Structures are given as structure tokens and as C-alpha cells.
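Listed features, source TrEMBL:
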type: DOMAIN; residues: B:66-271; note: domain 'ABC transmembrane type-1'
type: TRANSMEM; residues: B:12-37; note: transmembrane segment
type: TRANSMEM; residues: B:72-93; note: transmembrane segment
type: TRANSMEM; residues: B:100-119; note: transmembrane segment
type: TRANSMEM; residues: B:146-173; note: transmembrane segment
type: TRANSMEM; residues: B:194-219; note: transmembrane segment
type: TRANSMEM; residues: B:254-275; note: transmembrane segment
Amino acid sequence: MLLRILVWAVLAFLISPLIVIVLFSFHSSPALSFPFAGFSLRWYAELFNNAQLGSAVMKSLTVAFLTSVVTLLIGTTASLAWLRLGKVGRGFIEAVSVTPIALPGLFVGVSLLVLFAQAGLQLSTLTIVISHVVIALPILIVAMKARLALFDPSLEEASRDLGASQFQTFRRVTLPLIAPTLISSAILAFAVSFDEFVVTSFVAGTETTLPMYIWSMMRRTVTPLINAISTLALLFSILILLGAWLISHVRRRSAVAARIES
Amino acid sequence: MNLSRTKIGAILAAPTVVYMVIFFVVPSLILFSYSFWSSESYRVVPDFVFTNYLDSLHSAVFWKVTINAVRIGLTTAAISLVLAVPVGYYLVYVSRSQTMLYLILITWFSSYLVRIYAWRTLLGTNGVLNAVLLQLGIVDHPVDAFLFSSFAVTITLVHIYLPFCILLVTSSLSEIKPDLIDAARDLGTSSLGAFFRVIAPNAANGLAGAFMLTFILVAGDYVTPQMLGGSSGQTTGLLIADQFRKTGNWPLGAAQAFVMFVISIALYFILVSLGRATGLIVKRRTINPKGI
């Protein structure tokens, strides 16, 4: 009982600041304090007339989309490799690809900045995407590792024994089995990229993504507009997570159902 | 064409490995070599000097912000771990509540900047915390000191990194079989006793790992101190980040980053050997047939 209260208190600590932000995004007065003056949508209305914000959102969506596509492509080959490699090979993949999770964004950001400077690569959308993949790919690999532990390699062998080619086996057996994991991981990559700030601030050059725009607003003034942007960003991450969850569950359920039928 | 399974595996692993080598391993090595280069009138010159390291180590400002970073990092990691353990325990052994897990994931994936901004709103002079304290009559005029202090930085960093810490703790606890706890309970231990005598020793390595990972990420976070730390709450990260802006000294920044890195590694070894010395961390044993 005591444990339960403690756990819910921790969750309340995590959630309540976010609720406060959502609440104040509907505040009719610019004051960020109680008592609450009344509800209004004026901050949202102001947002939709803000062209700079609009282009920052578009930039973030573009970057996040490209990041998730590249992460998905590389991640798929990593998953297939994972199924075929022994302990040493897997350990090697993990060593080079999981370490960035354990490092501050600052370290990853400045080291990519010096790489781009040395290579003479101009900072642009491309450098942002390259950098976001460095952060998203490790997350995909960690997520995939847990799921692939449940994969039964004998299914691939059976398919080969029955005369399917390598490609047919991949197309008809392996891919359908690992697809839900890959797609939900790609969605997470999208979410990570959409919110990434620290690394981006080093490699963006003159490009402005949504977090960069929010940052410039935060530094200039305390404006209730930030509450409205934050609420929309929060809603967006919840939708993304929900999407990832639905895909992995629905696909798994339909796979199980299909197996029971046959 | 008949390649062996492992060979195909190696070919398939290539894109990931090549990508991470080019964009993670190589940049880290370049950064490391930068730390020995010199900077002349804002231009980086290949060199092999130790001045960047010596300048960092002899700088009072560097030590001040580094001690800040370590202190804030240790406090935040300790608070996060203390809060994460009950939540992890609850999620693993009491109820595998999906709702709870998703609430934690939502906070983890909610915007980093938004959370910093939220705490600035909450702790400000006209903020929610002051309003509540005034209403309750605990203070009679708003407290300015909440914002721009180590307190503000620590509470915000706990909020930002706690979800991550909870996920790490949950995964390390879920490796311990519930049978062990049942056995301890059957033998008459209280639930708290079972935690300290069965779970904690088995999970010690995982928990130490969660603590250190949280510490490294927190100590390297510079945006939160920049927004909430005021002049006294700055950390090494900001110093390093500033060197990589347009007019900075990149080699000096690189050296500072590696000093910070070495300090983190050193702290890890100190923590582990402290744990070993006090018996909190034990090498995983197989069951001793003669009893304990």
C-alpha cells in the first residue's frame, strides 16, 4: 500500500508539470500564475498565424521523416544480421552502435561538428539528418534486440528446406515477422528526431528546427505562446507513441490469429 | 552462390557498423586529436601540445563548474535512483501496469525543452509553486530563490532523467526471478528484508549501471543549468559548448570534454570499488551449497 502511494507520487511528479503547461496554454491572460483568469484559445490562434513557426515545424517534420527512413533501412539490415550472427558478431554491433546512448548529446554533437568541419561539409538539413540517425539507430537496435530474442530461426531454415530462395525467405517469412518491431522502432526514431535539440544546435548551421525555434523563444521572453507550442508538441509525441504501440500490437495479434487459423 | 549464414550476417551488419564507425567512432577520434591541436586567431592548427589540458586543469573557472557538474550529477542520479527503485519494483513484481509504463514513456518522450520551460514556469517568482505557498500561508511574500539555483537545476534534471532511470532499473530488476523473492518470503523475511537481502545484491550491478548512466547524462547536460542555474549553477557542459560556438577555441573545448569524460570514468571505478568494499556490490555468486 505504502509502495503504491509512493509510486503514484513519483508518477504525479513526472506528469504534473506537463499538466500545468497544458492548463496555461488555455489561459486567457498572459500571466503564468494562479488564480486562473479563464479559458481561451487565443495563444493557439496566434500560433497558426506565425509563419516562422510554420517553417520550423515543416523543417522538423522533413528531418524526422528522413531520419526515420534512413534508420529503418539501416536498422532492417542490422536486424537481419543480428539473427545470423553469433555472440561475437552481436557484441561487435552492440559495441559500436549502442554507446552513443550512454553519452551526453553534447559529446555526440561536438564530435559530429568537428567531423563535418574536417570533411568540409557545409552544415545543412543533410548534416542534421546524419546526426539524428546516429542517435536514433542505437535506440532502434536496443528495441530490436529485446524483440528478436523471441524470433525462432528455425522458421527461416524450414522455409529454405522447402525450397524457397534466400530472397523469398526474407520476403515471405523473415520480413513479416520482424516488420512490426521495425515499424514501431522507426516511429520512435521519428519522435526522437522531432524533439532532438542538443546535437541539432551544433550541426544545424542556419537551419531552424522546431526545438531550435522554441529555444530562441525561450531565451528571448517568457511568452504564453510557448505553452501552446508545448501542448501541441506533447500531443504529437503521445500520438506517435500510441501509433507505435498500436502497430506493434495489432500486427502481432493478427499474426497470432493467422497462425491459429492455419 | 552459397554463402554461410555467418558470412551473410557479416555482410548485413556492414551498413550499421560502417555508419556508426564513420559518424560516431571517427568523430570521437577526431575530437580526441583536436584536444592536442592549437588554436591561433580562431583557426585550428594541427599540432601536438598539452596546453589545452594544462590550461583546463589550471583554470579556476573550469574546476568550479566541473565540481558543480559532478555535485549536481551525483545528487540528481542518487535522487533518481531512490525514486526509480520503488517504481521499478512495483512494475516488475507487483503489477505489470501497462498504463503506468506508458505514462513513464510519455514523460520520457515529451519534449526536453518543454520540461525545462515547465519548471521555469513552476518555480518562478510569479510561478505556481509560489502561488500555492502563498495561498497556504507558508510564506508571506513570493520566494525568488527557487529559480536560478542548484535546487532548480536538480529538480528539473530529476524530472528529465527519472523516466530513463526507471526504464533502466526496471530492465535490471526484471532479470531477477520472482521465485527468489517467494523463497525468501517463505523463509520468513519481511518484504523490505527480501528487497535488501535478495533483490538489491542481485540487482546491484544493474542499479550501479543505472546510477552511472544517469550521472553521465546529467553531468553533461548544459541546457538545464543554462536556463535555470543562474550564475552560480553553471556546469562544464556550457563551458565546453561555448568553445564550439563561432568564436570559441575548439581544441580547448575538446580537451575539456575529455577531462570530463575521464572524471566520469574515474567516478565509476570509485563507485564500484566503494560498493565492493562495503559489500553492497558483490560479484554474482552461484548458490553456495554449504549455506551462507
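Placement of Cβ uses the backbone N, Cα and C atoms for every residue, glycine included.
Where the transmembrane segment (B:12-37) meets the stretches B:72-93, B:146-173, B:194-219, B:254-275, the count of C-beta pairs under 8 angstroms peaks at B:254-275. Counted over residue pairs separated by six or more positions, the transmembrane segment (B:146-173) shares at least 3 Cβ pairs under 8 angstroms with the transmembrane segment (B:72-93), which defines the two as touching.
No contact links the transmembrane segment (B:100-119) to the transmembrane segment (B:194-219), because fewer than 3 Cβ pairs that are 6 or more residues apart lie under 8 A. Using a Cβ-Cβ cut-off under 8 Å and counting only residues 6 or more beyond its ends in the same chain, the transmembrane segment (B:194-219) has close neighbours at 69-70, 72-74, 76-78, 80-81, 84-85, 89, 157, 161, 164-165, 168-169, 171-173, 175-176, 180-181, 184-185, 235-237, 260, 264, 267-268, 271-272, 275, 280-282, 284.
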